[in-house]
Each structure stands twice: as C-alpha cells, then as structure tokens.
Amino acid sequence: MPPCPPQPNRNRLPQLPTGELGEMELTWQEIMSITELQGLNVPSEPSFEPQAPTPYPGPLPPPTYCPCSIHPDAGFTLPPPPYELPASTPHAPDLPYSYGNIAIPVSKPLTLSGLLNEPLPDPLALLDIGLPVGQPKPQEDPESDSGLSLNYSDAESLELEGTEAGRRRSEYVDMYPVEYPYSLMPNSLAHPNYTLPPTETPLVLESSSGPVRAKPAVRGEAGSRDERRALAMKIPFPTDKIVNLPVDDFNELLAQYPLTESQLALVRDIRRRGKNKVAAQNCRKRKLETIVQLERELERLGSERERLLRARGEADRTLEVMRQQLTELYHDIFQHLRDESGNSYSPEEYVLQQAADGAIFLVPRGTKMEATD
C-alpha cells in the first residue's frame, strides 16, 4: 500500500522533536546503503529530502558482426566465431526488473556459436507434422448402387478427384520444396525426396448369399439325370408316365413299345427310384401331419389345464367361505347352549358330534362317541 502523501495545509515537522528527526534520517540512509551494497531491489519510499537525479548514460553502441555466408558448402565446417555478443555493459547492469512485487529476470545473451551448435530438427519429424495421424479412413465402395447413402458419388468423379488431388499435391511439393540452411547430414539426406503413401483401395465386400438347401438341388439333379438318361437311351415316353402310372397302365405302356433289355432296365430303375421318392415324400407328409396334430393336442391340453386350475381356485374359495360360515354357526350354537346351572359351554372344551341317525350330541373334547346303527 503506498504511503499517504502529505497534506499541504498541515506541517509534519512540528509533530516530532528535532533530535528524533535527525536520528530517523541517519537510520534511513544506513538502510539504503546496505540495500545498495547487497544488490537488492527494494521499493523505496520517498524520503524527507529530494534525491539528486541520475545522469543519462547515453545510447548503447551497436554491435558489429563479421561477414559470413548463410549457405556454407556441404563439406565445409564453420569455424567458431571470433567474437560473441556483449553479455553486459557498464551502464546497464543485468539486474532483474521489478514491477511492483514481481521480479522478471533478464535472459542470457544469445551467441552465434550457440545457435550453430544447437541441433536441427529431424526432417522426418517435420514431414510428419503435415501428415494425418492414424490410419486413413477407408473410402466407401464407389460402385455401390445404394441411393440411400449420403456420400454416394460416381466412380468416374472419384477417379477425377483422386487425380486432381494427386496433381495438386505434386505441384505443392514442387513449389515449396523442403530445404534447410545448414546441412549437418550427408548429401543423401540433405535434400530428401519423400513419396506420399499410396491410397488404399477400398475393400469390396461381396454380399454372402443365403443358405442353399442341398436336397432340392439333388432332387432337380436326379430328375434331370433321369431325363438325360432316358433321352440317351431313346425311351419313347416321358419319365412322368414311368413314375406316376399305376401298375396295370404301366404294364400296358411297356407292351405297346418294343424295348430292349437295357431300356427296360433303365425304365424299371427310373420307376423304382421315383416310387421311393414318392414314398419318402408321403412319409414326410405324414410325419408333418402327425407333428401338427400333436401341437394342436398340446394346445388343447394346455387350455384344459388352465380351465381346471381356474375351477380349482374357485372351489378353494368356496370351501373357505363355507368353513367361515361353519365356524360362525358353531360359535352361535355354543352361545345358545346352557348347562343345568345356566352357564354356557366353551367351544374349546366341548365339541358337537353327529350320530348316524342324524342326532347331534355335545361331548367333551378327546372322547369319541360310539357309532350307533
């Protein structure tokens, strides 16, 4: 906090004695001399006497540099510089500047030898700055005929864009080559030629067809094989008649045409395998019908079970109601029963039992009444 400035209408000197004022000035001068010797930068407060202004030292002399080439030869090593930048001047001491309570130190002077000895960045690392990190994003199939894709484009336009982008990249490399002022590497690495990685071709995923049933294909092959064999053997009637005709009609058909032994053997083989095929189809049909009937019977039994469960629940509820009514009637009867003294019977000590003839008796608990015919 800065000290309060003195007011013009008030005199501060008469407030302190003359002896104490002189001692304070001497003490203050000693403190200032100690801080100057130690090189400390302590914010000073205005003293009672004004200080003399310090003379202006004048501008600093500009440094001079020796002429040197910026681009030295590849096989020439630069000698150390004959001089360095002046580290400090007598007129401007290297003390940290103070702004309030913050001290800012002065950086060390830079020298030309330090700049030359500093390692240059790796050219491969500089090239990686402009390249994208990670694997390139795979492009979509240009031959896709899906009209729902938002990134849909023709294959020809993609090829034109690819060639245009490659041409622009090559022109950019030609216009802005990578050069370095100091070649501290061999001549092969002084001017490297970098080739861009080839663009990955999009993977075309073929749509897998659904599962193909083997049995229908076998049946079709068998039918076509029988037809081919019949045509090769010059059978005069189609294979459908051979398989589907009854026995009598089939025998009459064979009697109408004069056939050789090989033709008869082929016809009988075709009929046998066709009948086996029809029998297998009928067997599968009967199995499917049986499965359907069993499913229907199972559904019927499930619905019947649910109906019986509902009926059992209703019977249990009815039985519970009857038990409650019987208990109420039991207590009501015991309330009306009296002994010879006029006292009521306790239902915990006596029970009501009915005989075979319908008579009701009041007996103590634990005793059994003999059944009377």
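Yeah, the Cβs are placed from backbone N, Cα and C, and that goes for glycine too.
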Next on the checklist: Under Swiss-Prot, the annotation motif 'PXY motif 2' belongs to which of these stretches: 79-83, 219-223, 314-318?
Outcome noted: 79-83
Next on the checklist: Need the matching range: Swiss-Prot marks motif 'PXY motif 1' on one of 61-65, 161-165, 191-195, 366-370, and I'd like to know which.
Outcome noted: 61-65
Item to check | Average model confidence [pLDDT] within the region 'Transactivation domain' (1-206) | outcome: 51
